[in-house]
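Undergrad: Would you mind keeping the following structure in view while I ask a few things?
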Amino acid sequence: LCSMKAMDPFIGSTPRETVKQVSDLLGCSPTSAEVASYFDQHDTLRHLREKFLVPKIADLPPSDPSLVDGSKECIYLVGNSLGLQPKMARKYLEEELDKWAKTGVHGHTEGSRPWAWAENNIEELMANVVGAKTEEVALMNGLTVNLHLLMLSFYKPTAARHRILLEDKAFPSDHYAVESQIRLRGFDPKQSMLLLSPRPGEETLRTEDILDVIEKEGDSIAVVMFSGVQYYTGQLFDMAAITEAGQRKGCYVGFDCAHAAGNAELKLHDWGVDFACWCSYKYLNSGAGGIAGAFIHKKHKDTIKPALLGWWGHDLKTRFQMDNKLHLQSGVSGFRLSNQPILLVCPLQASLEVFNMTSMQALRRKSLLLTGYLEYLIRHYYTEDPAKPHKPHIHIITPSDPRQRGCQLSLSFSVPIRKVFQELEKRGVCCDMREPSVLRIAPVPLYNTFSDVHRFVKTLGSALGSSSAGCCKF
Ligand SMILES: *Cc1c(COP(=O)(O)O)cnc(C)c1O
């Protein structure tokens, strides 16, 4: 027992070797649930799950109580789409609803969370999560709105430099935003959108190819606009290298960190990223449509100005004098337009406080093993077997290099998976399906356990077994 305690399963070798070591130590198979329990017992972040509400299987609309114990917590692997509710969210919301009920307009300036500057209180917590200085971050609006506001200031095309470089399969909202920004400036998206695709037969972009295009085409590129983590493939881009390459060619470099914030270790300030935006309802658990984030690097604080103005960009000290003489705040703070939605600030505060009980570094460390463990089990059971060509197999789209991914694995099945997905849902798995054959699985280090991963793979075996897709038993 002593030697078990002394052994830190989270450091050293690769996840595959770690699984092997632990199973040797326990004298069980590497695929045994005991390995997952061991990891959970030794997980120094396991108490953070207690800060969230995990839905019970019976409460999930598609669950089938004849197949699983409905009183158990569900297997929630879709924090990349909507994070779980932090337990403190309800308390903070009730505090503000009470304050509103009892004091009305006085709530703007009274209490622990005065509404008039409520978002300012949590921007430091937010900045820590994305590796920024507090004054480089503003919480406001929604993600696509912020992307537009930032582009209005950073995308100033000229005849010689009018292109925006982005991924060919960028998230639709980003694609439309870029397209419409180009049109707004009187340019033609056909000429001005430079869309980067993976090489034929490949599913993710190679860093060298991204850097190559920037090197070759950079002189005509005004803005390089990438995601931090690609929503579909789960690829984590080398943001430092892309930033460096783009800026060397005189481009502005911005990132949509919707799938990176709270997932990957970001250093937006140190990398010198020009601007970034992200939503807060995915890995940041603020609830659907939560207040979004925007980042502008300090180096631009006196030079990059907002194209659109509102009273919330005015210095707080004189904002309410209402003399119509603008004292614009510097940097991203000047981009604020409207007063803040306190009811959206509350749940985000609840979540960011949990993030600040640990660090992205510690979360990332757990994440490497958690996702590596998922990868290990998937490979173990579902590698293509030439001897059994009819057995369903799984190809992992997400890069196998852990430095090129966050927590999500995108699994591509050799069979259509609509039916398999339904069987998973009946058994209490929450994950994301993209027709015809991809499941996106996100074990989130903040609240998912190694046992969640083990239960998922086991349930996948039953789901495949009971759907017409295949006959494979776990
Ligand atoms: C989730 C996501 C969005 C959603 O945009 P909203 O404005 O929050 O609706 C946009 N872009 C990316 C890359 C996303 O992952």
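Quick reminder: no glycine exception, Cβ is built from N, Cα and C everywhere.
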Undergrad: For the pyridoxal 5'-phosphate site that TrEMBL lists with Leu143, Thr144, Phe171, Pro172, Ser173, Asp174, Asp256, His259, Tyr281, Trp311, Asn339, give the additional residue from the candidates Ser112, Ser220, Ser227, Ser400.
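TA: My reading of TrEMBL gives Ser227 as the candidate in that site.
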Undergrad: Please work out the number of neighbouring Cβ atoms within 10 Å of the Cβ of His259 (pyridoxal 5'-phosphate binding site), leaving out its own Cβ.
TA: 28
Undergrad: I want to check the contact list for Ser227 (pyridoxal 5'-phosphate binding site): same chain, sequence separation of six or more, C-beta distance under 8 angstroms. What comes out?
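TA: Glu167, Ala170, Phe171, Asp174, Phe237, Phe255, Asp256, Cys257, Ala258, His259, Ala260 - these are the non-local Cβ neighbours of Ser227 (pyridoxal 5'-phosphate binding site), listed in sequence order.
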Undergrad: If you draw a 10 Å sphere around the Cβ of Lys282 (N6-(pyridoxal phosphate)lysine), how many other Cβ atoms fall inside it, taking every protein chain shown into account?
TA: 27
Undergrad: Give the number of CB atoms, excluding that of Leu143 (pyridoxal 5'-phosphate binding site) itself, located within 10 Å of its CB.
TA: 26
Undergrad: If you measure every Cα to Cα pair among Leu143, Thr144, Phe171, Pro172, Ser173, Asp174, Ser227, Asp256, His259, Tyr281, Trp311, Asn339, the residues listed for pyridoxal 5'-phosphate, what is the largest value in Å?
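TA: Between the outermost Cα atoms of Leu143, Thr144, Phe171, Pro172, Ser173, Asp174, Ser227, Asp256, His259, Tyr281, Trp311, Asn339, the distance is 31 Å.
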Undergrad: Please identify, from the binding-site residues Phe171, Trp311, the residue with the sparsest Cβ neighbourhood, meaning fewest other Cβ atoms within 10 angstroms.
TA: Trp311
